[in-house]
Amino acid sequence: MGGNAGAADPDEPRKSRKMYASHEDIGYDFEDDPKDKKTLKPDPNIDGGWAWMVVLSSFFVHILIMGSQMALGVLNVEWLEEFHQSRGLTAWVSSLSMGITLIVGPFIGLFINTCGCRQTAIIGGLVNSLGWVLSAYAANVHYLFITFGVTAGFGSGMAYLPAVVMVGRYFQKRRALAQGLSTTGTGFGTFLMTVLLKYLCAEYGWRNAMFIQGAVSLNLCVCGALMRPLSPGKEGKDPGETDPQVLPAHSPESVKSSAQLGRAEEKEGSPGHEEALDDLAAQACQEKAGHRKNMCAFRALKTVSQLTMRVRKGFQDWYSGYFGAASLFTNRMFVAFVFWALFAYSSFVIPFIHLPEIVDLYNLSEQNDVFPLTSIIAIVHIFGKVILGAVADLPCISVWNVFLMANFTLVLSIFILPLMHTYAGLAVICALIGFSSGYFSLMPVVTEDLVGIEHLANAYGIIICANGVSALLGPPFAGWIYDMTQKYDFSFYICGLLYLVGLLFLLIQPCVQIIEQSRKKSVGGTHV
């Protein structure tokens, strides 16, 4: 990661180190070097123990969310038959769901900062499940826009971002490998959810299938419950923790003890005071009940006050992260990364859109039916995430360099694919696309190296938001190019060029820094 650290301004992560941190999720301090910046108050769960449960939780989140998104083609066919709408209008349901899942990333940062990753993921699971269930009663496609596209999509976003952030917080040495393992859930989920939805639709109909899938989505709440926050450091304290110093002096226990003392004193007196003793006991009971009501009111008021302060603090940190003096957008390298994200995702989905047509164009349907080219991409994509993650974690390897090499390989593959006219040639290129696109597992790691772990939720929310915009606009843009040219080749070439432009944004800042460093060395040499 040393190369990546060199790409970004080394002082930028330090400018606003305390800008963004969930009250319950941060349990350590940070150093400056990306490889060593988490040398900290040791937590036994860092890089081991419960950290692997967090990876497992994130893995199932990817299966339930991203896997379901990739399998929506099964339901899309059912919606076409049910509502008799155009393919373009019906396709917007699944596109809107995926787009909302990613685009809401910046806003989910507010929930994470206020409630923490665990509560955010649990609420997201409930909202996502509600969206699936409400969609089972859809009367038209426009109803699905609200229930499935917006509601289920927003719930997916609330569960997805915490799953990525928590893996980053639990790992230091094997961050890339951990992210790679967790994100392989997308590939496994694509196969599992496709089979599940096909079976449910065949057996029970698409409405009951969505209802059952809503129940399955409740497992997101279980995954969220597994996202146990790291123990806070000495400087931090859970905002929900009670301060014993603020308890009132006269508690119900003190009233009880004083009443017992009064009774003892009365017993030592003359027996003629029994009536006075009864009055004193009744008065003590009334005082005890009054104090109990006051304590309940006090605790309720204190809880509301703490929640209000927590929400205000979370909003202030979230707002400063985007618009304040310590804004993430003051980091030029991060801004370049956002521009890259705007172009990257659309280029990745282009092969999935046009491969079926290319297979028909070159009369390769028979071979493709035996082993679909899209399946080659999906399978190799799983291995690519794990292998690239393991390589990036090697001490002598820079995550940044692995990330750039994978991107350039993907761009090259996109340019070459239209030139392949045989099944074997297309299969090789699809395998390269699947493997190189495994860099998606490195995106949280690269983001963390650019902005620091404290800002990961905020920054990664922006990155996936840019991906969401790309996912929404990419397929229609590719279709528009085909309509204009009546050739699939131009879709690949133009999207590849846009991807290359995004990569150039990533290279501008490192090149500028290299030039400045060479100038400083030359100036220092002349002075000597």
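Note that Cβ sites are derived from N, Cα and C of the backbone, with glycine treated the same way.
TrEMBL annotations:
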COMPBIAS  263-273  compositional bias 'Basic and acidic residues'
DOMAIN    54-514  domain 'Major facilitator superfamily (MFS) profile'
REGION    233-273  region 'Disordered'
TRANSMEM  50-72  transmembrane segment
TRANSMEM  92-113  transmembrane segment
TRANSMEM  145-165  transmembrane segment
TRANSMEM  177-197  transmembrane segment
TRANSMEM  333-353  transmembrane segment
TRANSMEM  373-392  transmembrane segment
TRANSMEM  399-417  transmembrane segment
TRANSMEM  423-446  transmembrane segment
TRANSMEM  458-478  transmembrane segment
TRANSMEM  490-512  transmembrane segment
Top partner of the transmembrane segment (458-478) among 92-113, 145-165, 177-197, 399-417, 423-446 - counted as Cβ pairs under 8 Å: 92-113
Seg_contact(the transmembrane segment (177-197), the transmembrane segment (423-446)) with at least 3 CB pairs under 8 angstroms, min sep 6: yes
Predicted model, mean pLDDT over the domain 'Major facilitator superfamily (MFS) profile' (54-514): 80
Maximum Cβ pairs under 8 Å to the transmembrane segment (373-392) - stretch from the list 92-113, 399-417, 423-446: 423-446
Positions on the same chain near the transmembrane segment (399-417), where near means CB under 8 A and six or more residues out: 1, 3-4, 7, 34, 176, 344, 347-348, 350-351, 384, 388, 391-392, 426, 429-430, 432-433, 435-439, 442-443, 445-446, 449, 492-493, 495-496, 499-500, 503, 506-507
